[in-house]
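For reference, the structure discussed in these notes is given below.
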Amino acid sequence: MTTTASASKTTAQKQRLRSLMAKHAAAIPQYQRVRAEAQMLRRALALPELRAARGVLACLSFGDEPETRPLIQALADAGKQIYLPRADPKDRQLHAHAWPCELHQLRFGLQQPARTSPQLDDDEIMARIDTAIILGPAFDRSGVRLGHGSGYVDRFLAKYPVYAIGLSFEIQVVSELPRALHDVPMSMVLTERQVLRIRAPNPASPSAA
């Protein structure tokens, strides 16, 4: 199989999985969702990796994703500096904005920082952010993430050496996902039932303390 054919096959597999995982997430009863999110919050706040973090980039949830706002607020209350990502279609990059900030409403209920709110430059991201909380339609047990197909998260993780924590409902974790060459795996996957540590924090990072 040629490289092009292999890439096309992986893309098709990912699209089928996105549809399947979206159905799984939408089918979670509300009472189970509330309980699972509370369990994820407790597990996340107990993580030594988060307790030692210098600055955290945290994705705002939308749709049927696990709710991240209580975690963001709890981390801020604990003294952590929080940053929110903004996907910019002009340069195809994720930009980091200090939270709280003005939010802009996008399609499907997604919110992200307004373009006019202050954002970090590359040097500031390297100096201030060492941990990221990432969402996605699915993750596997080796940390591979199924994204939405735009590549924003992978480009950010390839550029900045942060400790990436995938946050997911247990039903969205599978044994193995198709992986493209540009896919950057998570350092950890956290669900309401378990914490999968794939790699340790960078020894040079405060998160490793």
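Numbers here mean position along the shown chain, with the first residue as 1.
Every residue gets a Cβ built from N, Cα and C, even glycine.
All TrEMBL annotations are machine predictions without curation.
As annotated by TrEMBL, ATP binding site applies to K14, Q15, R16, L17, R18. Annotation source TrEMBL lists substrate binding site at L60, E65.
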Cβ atoms near Q15 (ATP binding site) (within 10 Å, other residues, all chains): 12
Mapped DSSP class for R18 (ATP binding site), helix or strand or coil: helix
Coarse DSSP state, helix versus strand versus coil, of E65 (substrate binding site): coil
Cα proximity to E65 (substrate binding site), best match among binding-site residues K14, R16, L17: L17
Local Cβ density at L17 (ATP binding site) - other Cβ atoms counted within 10 Å: 17
Other CB atoms within 10 A, centred on L60 (substrate binding site): 18
Lowest local Cβ density (other Cβ within 10 Å) among binding-site residues: K14, R16, R18: R16
Inter-residue C-alpha distance, Q15 (ATP binding site) and L60 (substrate binding site) (nearest angstrom): 23
